[in-house]
Amino acid sequence: MVTFVEEDPLPLWIKTAHSQVMIFIGFGCLLAFFRFYGFSGMVFNFLTATFAIQWAILIQGFFQFYYDGKIHLGVINLLNAEFACAVVLISFGAVLGKTSPVQLLVMALLEIPVFSVTEWAVLKYIRINDAGGTILIHLFACYFGLGVTFMLYRPSLNNGHAKEITSYPSDILSVMGTLFLWVFWPSFNSALTFKGDDQHRAILHTFIGLSSSTITAFALSALFNKRGKLTMADIQNVTLAGGVTVGASVDMMISPVAAYALGVMGCTACFFGYRYLTPFMAQHMRIQDQCGIHNLHGLTGLISSTAGICAILLATEETYGPSMYQIFSHRAPPVGDPKLLELQKLIPGLKPGLGRTAQEQALYQVAAVFTTIAASAVGGLLTGMVMKLSFMASPSDKDCFDDELFFDMPSDFNSIEELKTPMSNDEKGQLSSADTKV
Amino acid sequence: MVTFVEEDPLPLWIKTAHSQVMIFIGFGCLLAFFRFYGFSGMVFNFLTATFAIQWAILIQGFFQFYYDGKIHLGVINLLNAEFACAVVLISFGAVLGKTSPVQLLVMALLEIPVFSVTEWAVLKYIRINDAGGTILIHLFACYFGLGVTFMLYRPSLNNGHAKEITSYPSDILSVMGTLFLWVFWPSFNSALTFKGDDQHRAILHTFIGLSSSTITAFALSALFNKRGKLTMADIQNVTLAGGVTVGASVDMMISPVAAYALGVMGCTACFFGYRYLTPFMAQHMRIQDQCGIHNLHGLTGLISSTAGICAILLATEETYGPSMYQIFSHRAPPVGDPKLLELQKLIPGLKPGLGRTAQEQALYQVAAVFTTIAASAVGGLLTGMVMKLSFMASPSDKDCFDDELFFDMPSDFNSIEELKTPMSNDEKGQLSSADTKV
Amino acid sequence: MVTFVEEDPLPLWIKTAHSQVMIFIGFGCLLAFFRFYGFSGMVFNFLTATFAIQWAILIQGFFQFYYDGKIHLGVINLLNAEFACAVVLISFGAVLGKTSPVQLLVMALLEIPVFSVTEWAVLKYIRINDAGGTILIHLFACYFGLGVTFMLYRPSLNNGHAKEITSYPSDILSVMGTLFLWVFWPSFNSALTFKGDDQHRAILHTFIGLSSSTITAFALSALFNKRGKLTMADIQNVTLAGGVTVGASVDMMISPVAAYALGVMGCTACFFGYRYLTPFMAQHMRIQDQCGIHNLHGLTGLISSTAGICAILLATEETYGPSMYQIFSHRAPPVGDPKLLELQKLIPGLKPGLGRTAQEQALYQVAAVFTTIAASAVGGLLTGMVMKLSFMASPSDKDCFDDELFFDMPSDFNSIEELKTPMSNDEKGQLSSADTKV
């Protein structure tokens, strides 16, 4: 049974609506970048997102909002479910173009419970600071997706696929998706922070991180191109690295300069990941990361987690004042500690914590990173095994990256396809980078 | 003369802005699904919407916000006018591709007053519960549109039209429109509910209804397709059925399970309506419902109204507590009733009502449904007669679904048109479904 | 060093997010209207906007938010920086298609400081009423852009350029940009007004102005077209004139009728500007205003400033009550004036002003208009000189309006280009109007 909790829903709904724009429109457009796979990119994103959110409401409801024999339902559940949904969609990026909708639904069906259990265990037992969801959302999604794609390895696709290309309109559509993600990312990163100053910092740090990574992405794209030209795949993906990289410390007093630096670092790692790591992983590790989620969510997530740990180690009462025990709530004194009463005089309503030191909290963060990576990788491998079962209607290698397998196509699609046969040398050179998007 | 009312405008403006995104961008993209009629779909939507909102501000202002010799103007009028505008745009869907801008403006010119009078009469004399606007918005718009298209019947178009097809980019654009409508629909359905819990329920029920209808639409689309493929028209339209279907009971305590079931029912009715009812109406009843508004707004509206009546009949003080008299405000005791004073102790500021029983309120809802359908159908028929007058510049059958009649076209439009002549068999088979969109 | 100010960020962030949608998505799509320059229009907008905002945060921070040895940073700085960014993007419209990204970054690098100094000087010393930013944003941006394009004059382009054309999909994309700007413009114009009534008026006046200019634009476009057809360039640009025209008096009690009239006037001036003034300026004054910013921001800005001055002259305490001294804050009595104490009893917290009369304030407004135009024109000319330096990688005349110079292009771009050679007569006739967009 499901009931409602009382609360004024508008502020939460606004953040939820912004997150929905990112998920349905931002991701949907971004994933529609293949020339012959635009319907699938946008529509499978729609289908998978809708299914994942519903499923996450139930599963998270059971783990986090279940008491008095009921799942308690409110806009906050919706927001949490959108985050879980984002996890599935990021993982989807690893196998874009190579999976049937049935496979995607099965992936969501299995990923959501693994994610929810991991989230519940980490939040309940390890207890971490992770306002932007770097560890639980981005790292989990990345390593789960890599696990799945490892199992779905298709050796023949390592030589490229004739349809694995973009087109003029599909590249523009994909940039639009990037812009929607860019614009609303501060809402996403600040959605679950404390009100007031913490939220303020989360908005600004996210904006600053995105800005610096955007500028850096343009610079690197032009500098490392033979003819000094820009590559659309970089603009569609690498620009967003900063949003992930500031995540783990987004509500802390890391200073705008640090947020800026994080954006630059995350962007740089992401850029070179696309150039060198993704092809290497495909050739030598059987990991075909179609949209390069390991660059945009994995490498940046690791940098972000490290930065979060540094910020935790550096946090002192001198800098934060007593509000430190709000942001780092597990460092607040436990029930019964006389210091708690003292602090509650300064901050009425301060909740008792676990009395952890900075070092202890940092260790717990490290534990959370490893736990999350392990759980997600194992979960991904097992899920990939299930998705490989023959009745999952996996497309043949030849039919990858092609809408025609799944949709009744309008007649102009044939004339688009005729352009397919003669592929310019220019384009062949781009395959390895087109290979590695999102 | 027009003056302003005092109020903090931000919360209302946010909902209005969300509604504007739905109207200008959501509808605009959705209606741009024809291959040769993208300019018209998007731009006539823009023109008609702008005109309808202005006109509705005046007309509704006169009926609902006129006192002290002035129309009182605030963001709330804007929001109400956007709803009236949505009515016109839904009706527009019935005649898309077959009308000149002059005809559309005349339709808006006549539909807004008929709508405003009906709205005013229903709200003032019949007094109903209809938070999501199922009866007044969706049913009115649907039967008005059917009335218009009945008068504008074009027998030759029953055999299909060479330009009545979509294209790869136009289908993607139309899905984007669907996504914008999907994402912001909870704002639309909750805009006029009470604050707090009612709004909360409205947001969640709308989300749940949309989710279940989306999943159902994908399933039905694949199941009833000969080759198990998805049809874009279903994804663009049928997915949205749940948003309408939860409308009439969206703020009531119907439970999430009921909202889910309503989404499934509405979606199923809508899907089979597109498959069987729309072609039947075109062939046998002279009703060419171009975008299938009878499926997405009529059938769903009838289901929703019925569900609303059931929810009213089932509502008891045990379930709702004294807040029942807020949601079902006409059931509150009238002025002078001692029970009113008692309730006002529990809920300060509770307004006196009409002292109706649940059964009475249900009968009034039924009366409102029939009144609305009758008024809209008659209004639509008369409006269609006016639109048929010769100086309305109605396009010839041959020129339907073609931007060239109304716009200076860029030169690549000719090369798009060359694709027109050879039409594949595949496409001919789709005509009857392309026939029935939105 | 940069620190944060305490404040609940959500209301400001929502307005900032709306402004970001306008800047990144609205402008981005609008500027992507050229057939072979869609990547550049959208992506250079992204690059320039991101750079301009960062740079403006620093420069405005130094001029407006610097005290105690620190720049104080909050969402409000972000919002102010978005406005500065809008200035750069409007100026960008004058040179669209004829500049390299390096040139655009240099333009932003120089324009932001000139703008910030002008803004700071006008706000600190002249002190004006300009809620919608007509003088400081639109007029500044326009004359700066004209100054730049005067210096970058390319005589050969006065005869048109083969690639200076739109396409079917690019025109649709551009209309989408217009719609995003249209929908969120009330947020932009009301972002910096007082809370409550002033904001309410700003939202409504902007909506009314946009509505009337949209209707007028459609009417003029059809009336002045030889065959009564609509021109997409008008719909993409002229419809928006009302948003600028109401700007300077947007929060004043000008009455909705006046807002409506301003929309009609601004739209008419803008429309005829595109038809007659822009070609004249290109042929005879060496000013090639690519997107016609002088029509959409200059002419409308001048009308708006004049209307603002009239509204100031007509403002009396009878109409406004004591709140007049809040809106026209410089007319409030200065410190020490006994009338100030009296007013502060009516409006607690009223800030002391300068005790200006209406006539004095009007003169200061005039001074601000001339100061802004002079500063921006000179700044634009000097910036244009710098941008002309040879190492700025300015594209050759032949390479203008072509993405291929700056991007690795997908293979279908070549097939798009093949359509280029045979240009219809119809299209040649449109060149002068395609010449003059945004």
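Just so you know, glycine gets a Cβ as well, placed from its N, Cα and C.
Keep in mind that TrEMBL annotations are predicted by a computer and have not been checked by a curator.
The domain 'Ammonium transporter AmtB-like' annotation in TrEMBL covers B:18-390.
Under the heading transmembrane segment, TrEMBL lists B:21-37 (among others).
The annotation transmembrane segment is assigned in TrEMBL to B:43-63 (among others). Outside the transmembrane segment (B:43-63), and at least 6 residues removed from its termini, the chain residues within Cβ reach (under 8 Å) are 2, 23-24, 27-28, 31, 71-73, 77-78, 80-82, 84-85, 88-89, 92, 101, 104-105, 107-109, 111-113, 115-117, 119-120, 407.
Beyond the ends of the transmembrane segment (B:75-96), by six or more residues, the same chain brings 5, 7, 9, 12-13, 15-16, 19-20, 22-23, 27, 31, 34, 37, 41, 44-45, 48-49, 52-54, 56-57, 59-61, 64-65, 103-104, 107-108, 111-112, 115-116, 119, 133, 137-138, 140-142, 144-146, 148-149, 152, 191-192, 288-293, 297, 380, 438 to within a C-beta distance below 8 angstroms of the stretch. The annotation transmembrane segment is assigned in TrEMBL to B:75-96 (among others).
TrEMBL lists B:102-123 (among others) with the feature transmembrane segment.
Among the features that TrEMBL reports, transmembrane segment is placed at B:135-153 (among others).
Taken from TrEMBL, the feature transmembrane segment applies to B:173-192 (among others).
Residues 132, 182, 185-186, 188-190, 230-231, 234-235, 238-243, 245-246, 249-251, 254, 256, 259-264, 266-268, 270-271, 275 of the same chain lie 6+ residues outside the transmembrane segment (B:204-224) yet bring a C-beta within less than 8 angstroms of a C-beta in it. Residues or ranges marked as transmembrane segment by TrEMBL: B:204-224 (among others).
Summarising the annotation, TrEMBL assigns transmembrane segment to B:257-277 (among others). Residues 204-205, 208-214, 216-217, 220-221, 224, 233-234, 237-239, 241-242, 244-246, 249, 292, 294-296, 298-300, 303-304, 307, 311, 433, 436 of the same chain, all 6+ positions outside the transmembrane segment (B:257-277), place their C-beta atoms under 8 angstroms from a C-beta of that stretch.
Long-range neighbours of the transmembrane segment (B:298-316) within the same chain, counting only residues 6 or more positions beyond its ends whose Cβ lies under 8 Å from a Cβ of the stretch, are 129-130, 132, 134-135, 138-139, 142-143, 146, 241, 244-249, 252-254, 258, 262, 265-266, 269-270, 273, 277, 324, 327-328, 358-359, 361-362, 365-366, 369. Per TrEMBL, transmembrane segment is recorded for B:298-316 (among others).
Below 8 angstroms of C-beta separation, residues 91, 110-111, 114-115, 117-118, 121-122, 126-130, 135-136, 139-148, 150-151, 248, 302, 305, 308-309, 312-313, 330, 356 of the same chain, each at least six residues beyond the ends of the transmembrane segment (B:362-382), sit close to that stretch. Look at TrEMBL and you will find B:362-382 (among others) tagged as transmembrane segment.
Annotated region 'Disordered' per TrEMBL: B:419-438, in sequence order.
The compositional bias 'Basic and acidic residues' feature in TrEMBL is assigned to B:419-429.
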Need a quick answer: max count of Cβ pairs under 8 Å to the transmembrane segment (B:21-37), which of B:102-123, B:135-153, B:173-192 is it? B:173-192
How about long-range neighbours of the transmembrane segment (B:173-192): same chain, 6 or more residues beyond its ends, C-beta under 8 Å? 14-16, 18-19, 21-22, 25-33, 38, 79, 131-133, 166, 199, 202-207, 210, 214, 232, 235-237, 239-240, 243, 246-247, 250-251, 437
Residues of the parent chain within Cβ reach of the transmembrane segment (B:102-123), under 8 Å, 6 or more residues beyond its termini: 44, 47-48, 51-52, 55-56, 59-60, 62-64, 84, 87-88, 91-92, 95, 135-136, 140, 144, 148, 368, 371-372, 375-376, 379-380, 382-383, 386-387, 392-394
Over the domain 'Ammonium transporter AmtB-like' (B:18-390), what does the predicted model average in pLDDT? 94
